[in-house]
Amino acid sequence: MSCDYFNRGLCQSCRLMSKPVTEQLLEKEARLTHLLGGLPVDERLAPVSGPEFGFRNKAKMVVMGAAHAPVLGIPGPDGQPVDLSHCPLYPQDMQALLLELTSFVRRAGIPPYRVDKAKGELKFILLTRSAVRGEFMLRFVLRSKDAIPRIERELPKLLADFPAIKVVSVNLQPVHMARLEGEEEIFLTQATRLDEVFNGVPLFIRPKSFFQTNPEVASRLYATAAKWVDELSPKSLWDLFCGVGGFGLHCANESLPVTGIEIEAEAIDCAKTSAAAMGLDNLSFAALDSTDFAMGQQAQEVPEVIIVNPPRRGIGEELCERLSAFGPRAIIYSSCNPETLAKDLALISGYRIARVQLFDMFPHSDHFEVLCLLLKEAACASAD
C-alpha cells in the first residue's frame, strides 16, 4: 500500500508501510516466537490478516492550527500540524467526513487548544464508525462548555449533509495534561450508542467503551475463540476484562452460563444490551475490576474455562497466581502486547500452551493481537 503521508515523512505511525504485508507478518511471527522463548507451544496456527487499507473504524484527531484555519491530524516531525483526513487506513466515507469536520470547526469558530499556551477550547475530535451500518459516533473533546453553543449552532447542517452521523457528544477534559478524554460526556443527539454486528452477534459501542479498531480481523478473533470454547464444551465460563462482551457473547448459548467482568460501566451496559438482544438470561455482566473479582468472595465457584483480554499491561502476577490456583480446564488469553503476554504465560503454572495464533489487527505497525489456548496439564491429552 502507498501512503503519501508516509512517503513524505509526515507520519511514521505505520512504520512497516514500505514492506509487503507478507513480510510484515513474517517479522511479527518471528518476534512472537522470540518473546515466547523457551515456552513450549503444541501448535502454532497460521496468522490471520485482513484488508491492507480502509479497515480502521476509529480516528483520534488532534485539533491544531487556529479557529479560522483548523487542522485535524497530528503534529508533524517539525512540530507543524499535519492534516490526516486522507489517511488510507480509514474507509472513504470516513475520510470524507473528517474533511468536512475541518470545515465544521472553521464555521463554528472554535479555537483549537494550544498546549504550549494552555489556551483554546477544542482538543480532539474522535470519530468511530460502525461497519455493519456505516454509521458514525462523533465526539468533540473540549476544555470547557464554552464552545458547545457554537457546535449546536452548526450541527443541524452537518447532520443534514451527513445523515450517517448517529451519535454526537461533547467530552469535557479541563485539565492541562496529555489525557485523551475527561469524565463528563454531554450528548447532543438522542442516540447514545452505535450498533455493530460481528458474526451475527449484536454488539454496541458507547463513547467510553473499548472496541477493537479492525472489525474484520476482530470478528475472526472472536469467532476463533468461540470455536475453541465449543470444542471444550464447558459448563461455565468467565470473560475477564470483557469490554463490551465480545468474547463471552460469541461463546454464549442457552446451556453455557457466562460471567463477564469489566471495570468500565459503559462497556458493561453495552454487554447487557447485547445479552438482552440475544434473548439469553444466563449471561451475567458486572462493572468490577477483573483482578479484584477473581480475588474476592464472588469467585469461589471456579468456571471450567476463563477468557482474559487485558489491556497492554497484561493481567499481572497476582491474577496469574490466582488463575493457576483456580485450575480451570482451560484459559484463553487474548493479548495486544506480546511482551506482557510472554511474562504472564511464564507465571501461569500447571498449564501448557496448546495453541497460539497471531491476528494482524494493526497492519503496517509493529503491533498485533495474539490468541493463546492454555490447557490444564492433566486435560491436555483429552482436549487435543
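Backbone N, Cα and C atoms are what each Cβ position is placed from, and that goes for glycine too.
Keep in mind that this is a model prediction, so the values were computed, not measured.
Annotation comment: Swiss-Prot describes Cys3, Cys11, Cys14, Cys87 as [4Fe-4S] cluster binding site. In the three-state DSSP reading, Cys11 ([4Fe-4S] cluster binding site) counts as coil. Note: Cys11 ([4Fe-4S] cluster binding site) has non-local neighbours Cys3, Tyr5, Ile74, Gly76, Val82, Leu84, Cys87, i.e. same-chain residues 6+ apart with C-beta under 8 A of its own C-beta.
In this view, Asn309 (S-adenosyl-L-methionine binding site) is surrounded by 26 other Cβ atoms within 10 Å of its Cβ, with every protein chain counted. The S-adenosyl-L-methionine binding site annotation in Swiss-Prot covers Gln212, Phe241, Glu262, Asn309 and is backed by sequence analysis.
As annotated by Swiss-Prot, active site, nucleophile applies to Cys336, with the evidence given as sequence analysis. Non-local neighbourhood of Cys336 (active site, nucleophile): Pro311, Arg312, Met361, His367, Phe368, Glu369, each in the same chain, at least six residues away, with C-beta under 8 Å from its C-beta.
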Conformational class of Gln212 (S-adenosyl-L-methionine binding site) under the three-state DSSP mapping: coil
Of Cys14, Cys87, Gln212, Glu262 (the binding-site residues), the residue whose Cβ has the fewest other Cβ atoms within 10 Å: Cys14
Close in space, distant in sequence - Phe241 (S-adenosyl-L-methionine binding site), Cβ under 8 Å, 6 or more apart: Ile261, Glu262, Ser290, Val308, Asn309, Pro310, Pro311, Ile315
Cys3 ([4Fe-4S] cluster binding site), number of other Cβ atoms within 10 Å: 19
